[in-house]
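Trainee: One structure follows; several queries about it will come next.
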Amino acid sequence: MYFPLYNISKFQNQKTDCLFYNESTADSPLWSDEGCQKANETDTITVCTCNHMTAFAVLMVPIKGIDSKNWEILSVISYIGSGLSAAFTAISVLMYFIIRNPKQDHSTTIHVCLSAALYLLNMSFLLNEWLASMNQDAICKAIAILMHYFLLCCFSWMAVEAIHLYFLMVKVFNTYIRHYIAKLSLLGWGIPVLIIGISVCVRNDFYGSIGVTIHSTNQDSKICWIVNQTFFYALNLCYFAIIFLFNTGILITVAAKIAQLRRFGSSLQNRRAVWKDVFTVFGMSCLLGTTWGLAFLGFGIFTIPVLYLFSIFNSLQGFFIFMWTCASSRSKKLKNPETKNTNIGGELSSLSNQETCIYPGIQISTYQ
């Protein structure tokens with residue numbers, strides 16, 4: 001059936017849909033798309049195909065997805081942010097191995113591991129659409145599995161950052177853990193391997209090529225990702241929700257401790273500016289991945305604004321961590337030029353006998 005269209009451009013945030021008048025509903029008849037689909041559409045006509053004979057029509061309905069303009073802007077933000085993050089996280093990892101210091105503290109090592117996970121995630125994201133266009137099922141499934149693994153690794157290393165921050169800022173005294181970095185690496189890299197391995201062994205059709213449609217233009221694009229929506233939400237949301245709640249609790253605890261340090265500073269000269277505290281908390285929120293929690297707020301009228309914030313903060317997370325690492329290194333050199341770095345699980349079993357700069361502007365003092 002061919003339906004002519006008139007003045008279609010004046011309908012903003014709406015799209016055409018092929019519907020029929022369903023009189024079989026119990027109380028009130030409803031327009032339904034059951035058995036009907038849109039076969040083709042131009043600026044002047046819509047072609048519908050249906051497998052039954054009833055009263056048909058083409059109606060204007062609100063767009064539930066993202067319109068083409070916002071989709072294009074969000075795509076540009078995501079690709080630029082991911083490209084910047086990939087570049088700066090690669091620099092962080094290379095600098096770590098080139099100028100590696102045997103006495104380097106564990107904070108830097110953990111930051112670099114998180115940067116490496118973000119680099120791999122960003123690169124798999126940047127290559128995803130190109131690999132999906134090859135129409136090779138094996139390649140698409142492989143990149144989807146790798147991208148999912150790197151995503152879980154990022155979440156895991158954010159949890160590791162929170163655990164390490166807890167030992168440094170909350171449980172300061174008498175902390176000694178053998179093979180500290182090895183155990184954290186097993187947590188950061190090993191748990192995602194276990195999850196992905198079990199998932200692939202249970203069913204091999206969780207991953208593949210999926211189509212993404214821009215509703216206002218009906219343009220389709222393919223990406224390699226999780227095709228089973230139940231598996232996607234059950235695993236990713238549950239896994240991240242646990243980490244998000246834990247990391248948010250650690251962030252709130254550390255922020256309260258920073259406020260305590262500001263309030264009970266030994267002198268006015270040692271009290272830090274407010275903007276430094278804000279910078280510190282924002283930097284830690286990037287390390288702990290609390291900005292990923294914006295995904296829980298994307299509903300209703302908040303969908304588009306939250307998507308913009310989500311795309312900006314999370315695509316640039318690697319860049320923010322690079323800036324944070326540089327500021328942390330500079331702060332350590334300026335405030336403790338002769339102080340040895342502190343290693344949890346290293347030669348020192350307590351932080352109580354020294355004053356150490358751990359993060360930009362945060363110090364562990366003996367009065368704690």
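Yeah, the Cβs are placed from backbone N, Cα and C, and that goes for glycine too.
Marked as domain 'GAIN-B' by TrEMBL: 1-66. Among the features that TrEMBL reports, domain 'G-protein coupled receptors family 2 profile 2' is placed at 74-329. The transmembrane segment annotation in TrEMBL covers 76-98, 110-127, 147-168, 180-200, 231-256, 277-301, 307-327.
On this model, are these features tucked inside or out on the surface, and what's nearby?
Mentor: Residues 78-79, 82-83, 85-86, 89-90, 92-93, 96, 143, 146-147, 150-151, 153-154, 156-158, 160-161, 164, 181, 184-185, 188-189, 287, 315, 317-318, 321-322, 324-325, 328 of the same chain lie 6+ residues outside the transmembrane segment (110-127) yet bring a C-beta within less than 8 angstroms of a C-beta in it.
Residues 106, 109-110, 113-114, 117, 145, 148-149, 152-153, 156-157, 159-160, 163-164, 206-207, 231, 235, 239, 343-346 of the same chain, all 6+ positions outside the transmembrane segment (180-200), place their C-beta atoms under 8 angstroms from a C-beta of that stretch.
Tertiary neighbourhood of the transmembrane segment (277-301): same-chain residues 111, 114, 154-155, 158, 161-162, 165, 240, 243-244, 247-248, 250-251, 254-255, 258-259, 262, 307, 309-310, 313-314, 317, 320-321, 323-324, 327, 359-362, selected by CB-CB distance under 8 Å and a gap of 6+ residues from either end.
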Trainee: Pairs of Cβ atoms less than 8 Å apart decide it: which stretch in 147-168, 231-256, 307-327 has the most with the transmembrane segment (76-98)?
Mentor: 307-327
Trainee: So which residues does the transmembrane segment (307-327) touch in its own chain, when a touch means Cβ under 8 Å and the partner is 6 or more beyond its ends?
Mentor: 66, 70, 73-74, 77-78, 80-82, 84-86, 88-89, 91-92, 108, 111-112, 114-115, 118-119, 122, 279, 283, 286-287, 289, 291-292, 294-295, 298, 360
